[in-house]
Amino acid sequence: RTFLMSRPELGLSPSRGGPLAKNTLFLVELLPPKKRLALRYLDQGGPRPRRQARAVVFFGAQAEPNITEFAVGPLPRPSSYRPLRFKGGRAIPFAARPMTQLEYELLHRTLAEAMEPLYRLLRDTTGFWYHNCSRHCLTFSDIAPRGLASGERRSWLILQRFVEGFFLHPVGLEVLVDHRDPDPRRWAVQRLWYNGQYFSSPQELAERYERGTLAVARLAKPPFQQLFSSYEPRGRFATGTPTEVHGAKVCEPQGRRYRLRGNRLEYGGWSLAFRLRSSAGLQLFDLRFNGERLAYEVSVQEAIAFYGGHTPAAMQTKYMDAGWGMGSVTYELARGIDCPDTATYLDAHHFYDTDGPVRFSHAICIFELPTGVPLRRHFDSDFQGGFHFYAGLEGQALVLRTTSTVYNYDYIWDFLLYPNGVMEAKVHATGFIHATFYTPQGRRYGSRVHSHVLGNLHTHLVHYKVDLDIAGTGNSFETMDVRFENISNPWSPGARLGSRLGPLTAWLGSAWHSWGSPGRGGRWVLPPPRHPHNVGLLLSPGNGPNPAPVPRRYHLAVTRHHENEPTSSSIYAQNDPWEPLVSFEGFLRNNETIEDQDLVAWVTVGFLHVPHAEDIPNTATPGNAVGFFLRPFNFFDEDPSVASRSPVIVRPLDPPTFSQLEIQRWTPASPGPCVAPGPFTYNGTYRQE
């Protein structure tokens, strides 16, 4: 920041305050090195790649405003910068830029002025209004995409009562504001929707109300306590079992079994580096098991939610959360709730729509989690009331977690590492549903969840990049399908057998490696992603946003690695989905071979969410989690978790009496007591340093 702000030719001004028509530094994050340079350093003892930053600059003060991305370096003391180019060399339209705090402040002023003629209507029907409102204020949620074609910047705003959980308090008024012009004095309200009817101006709506010809919706005064959108307890469980005492907790009775050195994480056979990028979220790099690289990168790319509805805001809503700073809204994780008390908590620094780095306390947590089910076990019965042996290995996984609170929704992002060489990527959806004002016509598009609230039907889709390097970068991809085969029974002439040959799955790996063969090969399996509800990813393109910016059509797509295809989406897709700068379809249409190449798997997971009354106050995590696994297949000669010293084996010494048992274990006989930590604390602030 200091280096770029000092360059007179850029003419940069502070982001906060002042006009929109200025040049500002919007985003700074670390730019990954080219993969070939990183591998040369990691594997061949080559030079350490020089590091650079990615800097996004809004040039709003020019006659033709634009956005330019720069590579700035070398770090940590930069001395030069150069423009970064998107694939195809296209320029970034200024209208595609993400929203900023300054633009929201100007939008608020525009709306406050436009709502003055509606003061009586809003006061009489909601008890809240927009200007000079003290403790009875309205607020708004904005919808995207912002318009119907590239270059537009017209946002539908849902007006809501500003109470706790305001997302669930729409008042029946939605307003379309054109805010494309850099001069907010030229912004204008173009349309309004109130309680099922459209109006061309606030004055028209106000006149209809004054004449008494408007169908109004009067809302009850919200209570001061136990508001339906709050977390305050209400009601009782029928059994009367206690909830006012602490429940089960995770503990580490003999200390941590993982090692953290900077951003390098080690656990059992696993090692990896991780980062939290402001634009899109968690990235894993150099993922290894027992020293052998399995993946160069596994990362979150995009999260989208496409809605249906009867109101103009609802029918327009197609959220693409990378365009809302999905990786930068990583607020404080609450100890003992968001992560176990015993977790390691890490801060994150983001430079996103700010005038200096902002520290987000406890934005990441790392912890070992008892899975509650053994990793493997067997009871070997003698079928006479006794047994030959019992053996079991308790189930545990290391969890790397962060969250993204993208306005109403909270995404909980997890990567889990299991001792048997399995990695799981998982995301839970929680937070407030995106709700609109209830009308009878809206019931086709959702559920009535409160007196005047409609929970709108929507599809969540999340995209991951999985750059697997199985025994090197020369990998291939194949699938195995299910079929049945009728064969003659070799031991009973004339009889037929039906034999199932295999499950539907996908493989990505190097040449076949059979048990005991020399050299290193094997496969890693991407089983079909887990979806809690059936959801088809082939959505109708219709006349809406081009489906190209988001990879929503494919559960799994495999492409060759290219340095100019680092991500499947961008921070600009949300506000210009019609002519996307990153078109994932273009990754697939070049007809390249994917045999024995450096391959990248792109995985889409998702679910259909039909909101219901139980989503009040918040959507719960059970049943609303999706993800995928990476599993070894003939990569090892046996389950690699046999290296763990945590199994227990029980053998009878005197069958058939079974009065003496040999208990064999490699850990202390008792785990010891769990030490209770101090009282719960929370700060919740994130401030520029």
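Including glycine, each Cβ sits where the backbone N, Cα and C put it.
No curator has checked TrEMBL annotations; they are predicted automatically.
Going by TrEMBL, these are the annotated features:
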- Asp321: active site, proton acceptor (ACT_SITE)
- Tyr409: active site, schiff-base intermediate with substrate (ACT_SITE)
- 2-80: domain 'Copper amine oxidase N2-terminal' (DOMAIN)
- 97-196: domain 'Copper amine oxidase N3-terminal' (DOMAIN)
- 249-485: domain 'Copper amine oxidase catalytic' (DOMAIN)
- 553-641: domain 'Copper amine oxidase catalytic' (DOMAIN)
- Tyr409: 2',4',5'-topaquinone (MOD_RES)
Handout entry: Tally of DSSP helical, extended and coil residues in the domain 'Copper amine oxidase N2-terminal' (2-80)
Key = 14 helix, 27 strand, 38 coil
Completion exercise
Across the domain 'Copper amine oxidase N3-terminal' (97-196), DSSP yields 31 helix, 31 strand, 38 coil
Completion exercise
The average per-residue pLDDT within the domain 'Copper amine oxidase N2-terminal' (2-80) comes out at 97
